[in-house]
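Features reported for this protein in TrEMBL:
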type	residues	note
COMPBIAS	74-88	compositional bias 'Low complexity'
REGION	65-92	region 'Disordered'
TRANSMEM	127-145	transmembrane segment
TRANSMEM	157-177	transmembrane segment
TRANSMEM	198-219	transmembrane segment
TRANSMEM	251-270	transmembrane segment
TRANSMEM	276-296	transmembrane segment
TRANSMEM	351-368	transmembrane segment
TRANSMEM	380-399	transmembrane segment
């Protein structure tokens, strides 16, 4: 048997798989690798086989076919798509729709953005600004003679008009500061400057006109009120900056919104610098309203807590999210204690302590217990209605105490006249 036949029997032809680790081949083979060994033409001697690795065989047989095959398209997934191309699971945000009901729907379309900038469609903030003015007016009225009900009502009407105007100016200043932040917050993204219905320059001009209107109202009060009111403008302008540098911008808002707690005294002709009782009462009432402002604005801030965290806006709600109700309780206690101190300084009667202080304790306690801080709708409801509930009972207690003193003083003045006529 020849050597060739012997070797072909020993090494049969086979198809090499990926598990083959080595094979024999002819040293002079150029293409493709031999699967068997044949004797050289120059010599019939058996050539010593050369060992090749599996990698060499695999590369040879697979490289060219893979390069020649057409590319198989694949369906892109969210992992391969760029971020902007991945469909969002969140529902699309609503577009701006002009108002169809209420005061703004009756205005010319070109006026609507300015009315929205002044928040005429959301007057709750104006009421919160007005209540401290009303508190101080009613608290100061017994010290001013006492002041007549007509004088108290007239002063209160001036305060409500000034509150609407100055609150609008404050909102415009806030929106000018926040024009680059508001588009990133769901609740504020459709404000006039944020949606570019008003340019920053137009907003600035409008703010100036509001400040001039506020000055016109201020000049209707005794001139001393001008000097007492002017420092508040510093807080109005600085509040939007505070939420960029501190977690307690609500405290700065309290300094601003509570300023009216001082203004009622000079508005009725009570000199704070000459009347120690009035000065003490004004100081206690002012700080009491600061606590109240921080309290209700902390509830308000919970509506934007997620968006504020993303936009980098700081608030007391973010700082004390886990212990909010404890903080609210502490603020309520401080508010009521300081309110009682204001009444004690001017000799307020039982109607004030039972109606104002007791009523505030009940309404604030109920609100803190019931408010669901995780619900935007519930926070908004308590923010709006808490204004009237707590502000209303405090005002009612103050008004009752004032009227009792006023008509009691009237009776005392009439008795000597009746005796003389008799």
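Cβ coordinates come from backbone N, Cα and C, glycine included.
Here the transmembrane segment (380-399) sits apart from the transmembrane segment (157-177); fewer than 3 CB pairs are under 8 Å, leaving out pairs fewer than 6 apart in sequence.
Contact between the transmembrane segment (251-270) and the transmembrane segment (198-219) is not supported: fewer than 3 Cβ pairs lie under 8 Å, counting only residues 6 or more apart in sequence.
Comparing 127-145, 198-219, 276-296, 351-368 for CB pairs under 8 angstroms to the transmembrane segment (157-177), the maximum falls on 198-219. Ranked by the number of CB pairs under 8 Å to the transmembrane segment (276-296), the listed stretches 127-145, 198-219, 351-368 are led by 127-145. Same-chain residues lying 6 or more positions outside the transmembrane segment (198-219) and placing a CB less than 8 Å from one of its CB atoms are 113-114, 117-118, 158, 161-162, 165-166, 168-169, 172-173, 175-176, 179, 192, 225-226, 229.
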